Amino acid sequence: MSDNDELQQIAHLRREYTKGGLRRRDLPADPLTLFERWLSQACEAKLADPTAMVVATVDEHAQPYQRIVLLKHYDEKGMVFYTNLGSRKAHQIENNPRVSLLFPWHTLERQVMVIGKAERLSTLEVMKYFHSRPRDSQIGAWVSKQSSRISARGILESKFLELKQKFQQGEVPLPSFWGGFRISLEQIEFWQGGEHRLHDRFLYQRENDAWKIDRLAP
């Protein structure tokens, strides 16, 4: 069998989704209630990085980009993550704040997609979280000019050791180029795998102070 033939075998990789369905009668009025339940179950199932989410943005040419970051907080105002403000994603959000998020809980045969608008967090919010991080992570935030080209990993490691020595006394200061974003909750879609590819999808859309719920075809 040639390498090409082996690659073509991916077309036959599939499985049935058998972990149960999602019914309209079981849905809460508030999508955050269901999100919290699903996130809790993802944690209880000991999934690797249950708070990992794909963040999708677009650049000024409408070219989409995606990357995985960690959810650090959520409430009725939105979902929060932190990043280097000089990063590609931060620049893209500055140009176009429309963002989508995806939580891929494959083991539970579930996905959650969020669509909303990103806004910068206040310095107070950022500082509070920054100083809750492990000290080495705080120093690491100073090291990297995110998304810039570098010639070798050793540059980062040397810079880390240099800054660790510099900041050995007292608190590590908050970098001016480090911050966070809150993604507003405009649409939230819940996907539960189903047998025979008859998956269950429910879309919550915000309408004024309430949520409209629709079942979508798989």
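Just so you know, the numbers here start at 1 and follow the chain as drawn.
Backbone N, Cα and C define each Cβ position, glycine as well.
Copied over from Swiss-Prot:
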- Arg14, Arg15, Glu16, Tyr17, Lys72, Tyr129, Arg133, Ser137, Arg197, Leu198, His199: substrate binding site (BINDING)
- 67-72, 82-83, 88-89, Gln111, 146-147, Trp191, Arg201: FMN binding site (BINDING)
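Locations of recorded Swiss-Prot features on the structure.
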{"residue": "Glu16", "record": "substrate binding site", "DSSP (3 states)": "coil"}
{"residue": "Arg67", "record": "FMN binding site", "DSSP (3 states)": "strand"}
{"residue": "Lys72", "record": "substrate binding site", "DSSP (3 states)": "coil"}
{"residue": "Tyr82", "record": "FMN binding site", "DSSP (3 states)": "strand"}
{"residue": "Arg88", "record": "FMN binding site", "DSSP (3 states)": "helix"}
{"residue": "Arg133", "record": "substrate binding site", "DSSP (3 states)": "coil"}
{"residue": "Arg197", "record": "substrate binding site", "DSSP (3 states)": "helix"}
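The Cβ of Arg133 (substrate binding site) has Ala141 as same-chain neighbours under 8 Å, each 6 or more residues away in sequence. Ranked by Cα separation from Arg14 (substrate binding site), the binding-site residues Val69, Leu71, Arg88, Arg201 are led by Arg201. The C-beta environment of Arg201 (FMN binding site), restricted to residues of the same chain at least 6 apart in sequence and closer than 8 Å, consists of Glu189, Phe190, Trp191, Gln192, Arg215, Leu216, Ala217, Pro218. Glu16 (substrate binding site) sits 28 Å from Arg67 (FMN binding site), taking the Cα positions as reference. In this structure, the CA atom of Tyr82 (FMN binding site) is 8 Å away from the CA atom of Lys72 (substrate binding site).
Binding residues for substrate (Arg14, Arg15, Glu16, Tyr17, Lys72, Tyr129, Arg133, Ser137, Arg197, Leu198, His199) extend across at most 43 Å, taking the greatest CA-CA distance. When the binding-site residues Arg67, Val69, Leu71, Arg88, Gln111 are compared by Cα distance to His199 (substrate binding site), the shortest distance belongs to Gln111. Across the structure, Arg88 (FMN binding site) and Lys72 (substrate binding site) place their CA atoms 20 angstrom apart. If you measure from the Cα atom of Gln111 (FMN binding site) to that of Arg197 (substrate binding site), you get 15 Å.
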